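Asker: Below is the structure I would like to discuss, written out as structure tokens.
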Amino acid sequence: MLEKTKKVFRIRNTAIRKLLAEALGTFIVMVFGLSSVAQVVLGKGNNGEYLSINMAFGIGVTLGIYAAGGVSGAHLNAAVTITQCILGNISWTTAVTYIIGQFLGSFIAAATVFALYYDAIYDYSNGNFTVSGPKATAMIFSTYPAPNVSLQGAFFTEFTATVMLILGVLVIHDEKNNAAIKCAQPMLTGMLVLGIGLGMGLNTGYAINPSRDLPPRIFTAIAGWGTAVFTGDHSWWWIPVTAPILGSLFGVFIYKLCIDFHNQPSHETEHEKEQAGVETS
């Protein structure tokens, strides 16, 4: 009985550690990212530009992975977590734990940036928190599509951007292929996010992550922007939730079809390398 109790306690303790790691990692990503958007919007272009937003998110992702990677593997993205669960790499219980941690970190990050820039937001908008219009500020916290983009185009953009995200992540981490050295993987992943922002951010602001978009949206609904954050732009909010999940799954399928199914197990690959070294000698 005592051993069973200890085992349950260890499992719970591990789950809490992973939840907190995902929360901290996502918090770091979001504080860097959202504060950079706030600085660009509220500074009216005088304190940064679109490039600085992309760089801040890339830096945040790098540091977030360094922070959480050793404990939880640093998913920091509900789409990645759900994909790993569907593939059978983690259990549904673990997936729920990860997503709760991600949503918690993202929500607290939105609240932190709101408190950090409250005076500037209030002054910029004259106290009128709006989703659209010349003084809109909701886009500081969540993504919204460009005026000339249809819902279908927005969905395809988020889907495609997430496909590229997951392909890049797999390329960086695949030990059976040509993985980057472990200490460089967080930095390369940050560069990957930077590249996606530079090339695919025009249409939708590249959410590519339900944990990046939904919790801050919920926060803005509570903090004064109201239900318009969900009903605006033809109820756009569900696209940065669903499209990244589907894009992540499709990206894994493409990678497995083109690369992974043709690779040998890592130990066989290492054996071949050793044999090649012996033959060379």
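Here, residue 1 is simply the first one shown, and the rest follow in order.
Glycine is treated like the rest: Cβ placed from N, Cα and C.
Annotations for this protein, taken from TrEMBL, read as follows:
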{"type": "TRANSMEM", "residues": "20-41", "note": "transmembrane segment"}
{"type": "TRANSMEM", "residues": "53-74", "note": "transmembrane segment"}
{"type": "TRANSMEM", "residues": "95-118", "note": "transmembrane segment"}
{"type": "TRANSMEM", "residues": "149-172", "note": "transmembrane segment"}
{"type": "TRANSMEM", "residues": "184-208", "note": "transmembrane segment"}
{"type": "TRANSMEM", "residues": "235-255", "note": "transmembrane segment"}
Asker: When you check the transmembrane segment (149-172) against the transmembrane segment (20-41), do you get at least 3 Cβ pairs under 8 Å, counting only pairs 6 or more apart in sequence?
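Answerer: No, since the transmembrane segment (149-172) and the transmembrane segment (20-41) share fewer than 3 Cβ pairs closer than 8 Å, they do not count as touching.
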Asker: Which sequence positions outside the transmembrane segment (95-118), separated from its termini by at least 6 residues, show Cβ-Cβ distances below 8 Å to it?
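Answerer: Long-range Cβ neighbours of the transmembrane segment (95-118): 15, 18-31, 34-35, 38-39, 42, 72, 75-78, 81-82, 84-85, 140-141, 211-212, 214-216, 218-220, 223.
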Asker: Where else in the chain does the transmembrane segment (235-255) make close Cβ contacts, counting only residues six or more beyond its ends and a cut-off under 8 Å?
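Answerer: For the transmembrane segment (235-255), the far contacts come to 77-80, 82-83, 86-87, 142-145, 151, 154-155, 158-167, 170-171, 174, 204, 207-210, 212-214, 217, 229.
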